[in-house]
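Accompanying notes for the structure given below.
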């Protein structure tokens with residue numbers, strides 16, 4: 001159940017003093033090969049953190065030997081000094097492991113706009129190097145947590161190979177990635193172009209379909225590393241499915257641990273004309289604060305759903321919209337349907353289904369409710 | 001300070017039992033002429049309420065004799081019956097005033113997805129007709145309140161003519177209009193085409209530049225009525241300025257009374273390449289829940305501002321962005337600027353200035369913070 005379950009990987013997570021209370025905050029994942037193939041997707045936020053700028057260049061040649069990750073500071077909006085700090089971190093890893101700094105991905109997460117305490121980071125890199133082990137995956141997953149309350153890991157079995165993963169993220173979760181660091185490993189034998197295709201297919205169906213609060217981060221990174229250590233060449237379709245399943249499990253864990261959330265909400269859009277229509281409608285609901293507050297209050301206020309749908313450009317006729325909440329069709333043909341008092345919202349998981357009657361595409365986006373705890377957590381985040 | 005201050009208008013607001021506790025909930029505003037010119041803008045939400053569908057047709061000929069407004073029910077997503085109810089309301093007003101139903105605008109606000117209690121509405125129309133007076137503006141302003149805590153009114157003096165206005169709205173406030181009903185009156189002499197141009201210019205600069213929670217309503221209506229009763233022909237530019245000032249005052253009152261808000265936030269975008277760039281950037285900040293929570297917590301977390309700016313397609317270089325909060329330049333050239341602890345956020349009004357260094361357009365959008373009270377109010381709204 002971790003990034004070190006697939007063969008060919010070692011990892012460690014150590015406490016370097018970036019976070020308070022002796023919690024782990026620096027993680028290292030190393031691919032011992034024989035292959036060192038990698039694929040990555042990064043935030044689409046144009047204000048990107050120094051480690052994202054660095055790592056984009058690292059993965060251009062599709063070779064990654066190690067990834068170093070820290071919580072306790074995002075190293076975003078930190079100018080030239082921030083980039084030098086990322087570079088110095090990669091160099092420290094490279095020196096310790098006798099590899100090239102150009103093959104070291106760097107990921108950071110935490111508060112934006114403050115320089116990292118580099119003495120602590122570099123001590124952390126040394127400590128993590130010394131503790132690397134094939135059982136180290138869980139400690140690495142722990143070290144990347146910020147406001148997360150649990151570590152997120154996943155494991156999928158292939159035919160002679162495995163896919164393991166870890167992720168962090170609890171707020172600032174939105175399509176086009178979020179404050180989210182994800183490392184997925186596999187020991188399958190797969191060529192790097194195929195690996196890139198696999199990762200893009202998987203993230204489009206998983207991380208790009210969760211939307212906690214509509215806020216996109218400066219630091220998002222999803223990295224897929226392939227060691228080839230199993231010696232088994234993976235069928236591309238099977239590998240795509242395994243990586244997608246691994247990413248879906250991690251994405252679901254992110255929503256389940258979203259800041260302050262009391263409900264996990266699956267928004268299913270049925271009978272859309274196109275996938276982009278379905279996603280636009282789903283996201284307009286997922287980002288509607290009034291809807292999210294209503295779910296928090298166990299209130300099946302379907303008017304909030306319809307008014308969100310009405311703001312989109314998707315193909316539909318307002319007179320034929322149907323909306324069900326937890327199986328009760330509260331809105332039928334754009335008007336009043338079954339009695340809303342029949343809806344039970346006391347369970348954590350909520351299913352909202354909107355039928356657009358405009359085509360044959362179905363898409364599900366996961367989100368969560370908007371709660372007092374979200375407001376509390378984010379009104380006290382940096383102070 | 002009301003819609004009946006300009007000459008030629010009578011109004012009334014009565015309690016018809018739509019809201020609990022004997023509060024006023026049906027309002028009537030009548031234009032006694034000699035002119036009956038009108039201009040209107042409506043919600044861009046494709047799921048529009050029955051009264052919006054009706055009123056769009058009423059204003060096509062640019063003549064409006066009366067407007068009837070109710071709180072306590074939006075009459076949205078109510079199907080054919082809802083439209084018949086709106087029609088019946090207009091007919092009742094027409095019969096009582098001996099005018100044509102086709103010259104009666106209808107506005108509703110309240111919960112979506114429930115039919116109006118038509119017996120109460122029709123009794124309310126009768127009572128309001130009987131109480132019409134040239135001093136009735138303030139009672140009408142009171143009757144359209146929902147979660148508003150204060151009535152919103154405004155008055156602007158022209159050269160021999162006046163502009164008066166009333167508005168309601170406390171949540172679901174976003175560009176392209178919001179849960180917002182606004183009636184603006186003037187006794188200036190002005191031709192109907194000019195009146196339409198005046199209203200569109202004014203709303204684009206005022207109501208379209210407030211964004212409380214990014215949620216667009218199904219019922220928004222802004223109506224401008226001209227009686228010509230002053231006998232003074234208004235200079236078009238002067239009338240545009242007066243109507244814009246009246247709308248700006250009402251818009252500012254809406255934000256000041258936004259649900260649960262503890263801070264009113266002016267987001268000023270400077271040196272944008274185009275107005276649409278400036279508005280896109282301003283709205284991305286205004287709708288960012290993390291930013292809004294931070295302001296609630298008196299936390300000048302400027303990283304939230306930059307990450308919101310980074311999600312837009314506007315012209316800017318991330319390396320040259322400057323951000324000031326209440327006069328303290330916390331972000332300079334995309335990096336750390338003055339000490340964030342210098343920012344004092346204890347006052348209600350907050351000024352956030354973002355300099356894009358990309359052109360010469362400046363735009364201000366008003367929003368508010370995201371608070372426990374917003375979550376509380378909207379998690380218990382319909383239940």
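Glycine is treated like the rest: Cβ placed from N, Cα and C.
Sequence annotations record features per position, and here TrEMBL assigns substrate binding site to A:146, A:168, A:179, A:259, A:378, A:383. DSSP classifies residue A:259 (substrate binding site) as coil under the three-state reduction. Counting every protein chain shown, the number of other Cβ atoms lying within 10 Å of the Cβ of residue A:259 (substrate binding site) is 27.
The active site, nucleophile feature in TrEMBL is assigned to A:179.
Local packing around the binding-site residues A:146, A:378 was summarised as the count of other Cβ atoms within 10 Å of each Cβ; on this measure the leading residue is A:378. Within 10 Å of the C-beta of residue A:168 (substrate binding site) we count 27 further C-beta atoms, all protein chains included. In sequence order, A:378 are the binding-site residues among A:146, A:168, A:259, A:378 whose C-beta falls under 8 Å from a C-beta of chain B. In the three-state DSSP reading, residue A:168 (substrate binding site) counts as strand.
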